[in-house]
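Just below is one structure, and these are the notes that go with it.
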Amino acid sequence: MTQADFSARSALFVPAANARALAKSTQLPADTLIFDLEDSAAPTEKAAARENLRQHLAAPRSTARHVVRINSLTTPEGTEDLLMARGARVDAILLPKVEKAGELAELSQALEQTDAPPELAIWAMVETPKGILNAGALAAMQLAYRLEALVVGPNDIVAATNLRPSAGRAELVPWLAQIVLAAKAAEILVLDGVYNDFRDRAGFEAECTQGRAMGFDGKTLIHPDQIEPANLAFGPTADELAQAQEIVAAFADPANAGRGVIRLGGRMVELLHLKKAQRLLRQKSL
Ligand SMILES: CC(C)(COP(=O)(O)OP(=O)(O)OC[C@H]1O[C@@H](n2cnc3c(N)ncnc32)[C@H](O)[C@@H]1OP(=O)(O)O)[C@@H](O)C(=O)NCCC(=O)NCCSC(=O)C[C@H](O)C(=O)O
Ligand SMILES: [Mg+2]
């Protein structure tokens, strides 16, 4: 688990070029909405998508975290997207196809130059072979800059590597694990990639279970039907919540005052478990 105090179970990509999807997004129970200006907008749609989104973000919002995926900063579109997103006071900017730590430094400097508020975070997509190889260096930028999350991009990974993933994506797992480990070492969030077959609920649920078991904090999504199963799979189970409450209560017992390790129901429980339990309960109550 990361240090983030908010829940990041479900992050729905909302194509900014699609007015109906933008309208729909305000009623959806996703923890995060990622408004997309990159791959879901064709080159001829990009300016209109940005303008749609500017207007959409000026209206009242839901309580979801609002993130904008901009185009690469090496393109004129990217700079326009960044200025729009910064002006719209979103929670984070998602930069696609990040390969080198310098790209995050460049984005961070651009935000400093426009006096962006310190709470405006950076999210980075890891979706190329170089990005995966450099995941540790990218995540380490959290120390110097406002990097809050790594996000996997399986479609670009598959396209760049000519991989043929089978059901269960065993071929991808070693690369995904590298990205998860990099994020954990830097104590930032890590979100699993999208599942394209949005009518296949069983397949989606299986991939959520696998992602949660690997340590992902949540999953990026492409369709509203994927929100509820992702919230279930990445949220705490009833057992985990009950255990967390038990641990907090046990350490609050005066008989255990000042102790670093206690016995609870035949198990050893240490202060690290208390910290994890407290974080879980804090996230649940937000
Ligand atoms: C995949 C879709 C094109 C399917 O859309 P559609 O045919 O409209 O589906 P439905 O008829 O079932 O939709 C029902 C209603 O829900 C709204 N809807 C659908 N998708 C979304 C969404 N993502 N956000 C908000 N609302 C949504 C429809 O408008 C319908 O509403 P209404 O008309 O009022 O009844 C579509 O789901 C879609 O475009 N999905 C997102 C695509 C996208 O953003 N792609 C880019 C991000 S993924 C990516 O790039 C991953 C990464 O980079 C990688 O490399 O892997
Ligand atoms: Mg991609």
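Positions of Cβ are set from backbone N, Cα and C atoms, glycine also.
Here is what TrEMBL says about this protein:
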- Arg69, Glu127: substrate binding site (BINDING)
- Glu127, Asp156: Mg(2+) binding site (BINDING)
- 9-224: domain 'HpcH/HpaI aldolase/citrate lyase' (DOMAIN)
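The binding-site residues Glu127, Asp156 differ in how many other CB atoms lie within 10 Å of their CB, and the one with the most is Glu127. Straight-line distance linking the Cα atoms of Arg69 (substrate binding site) and Asp156 (Mg(2+) binding site), rounded to a whole number, equals 15 Å. Residue pair Asp156 (Mg(2+) binding site) / Glu127 (substrate binding site) shows a Cα separation of 5 Å. In the three-state DSSP assignment, the secondary structure recorded for Asp156 (Mg(2+) binding site) is helix. In the predicted model, the domain 'HpcH/HpaI aldolase/citrate lyase' (9-224) has a mean pLDDT of 96.
Under the three-state DSSP scheme, Glu127 (substrate binding site) falls in the coil class. If you draw a 10 Å sphere around the CB of Arg69 (substrate binding site), it holds 26 other CB atoms from the protein chains shown.
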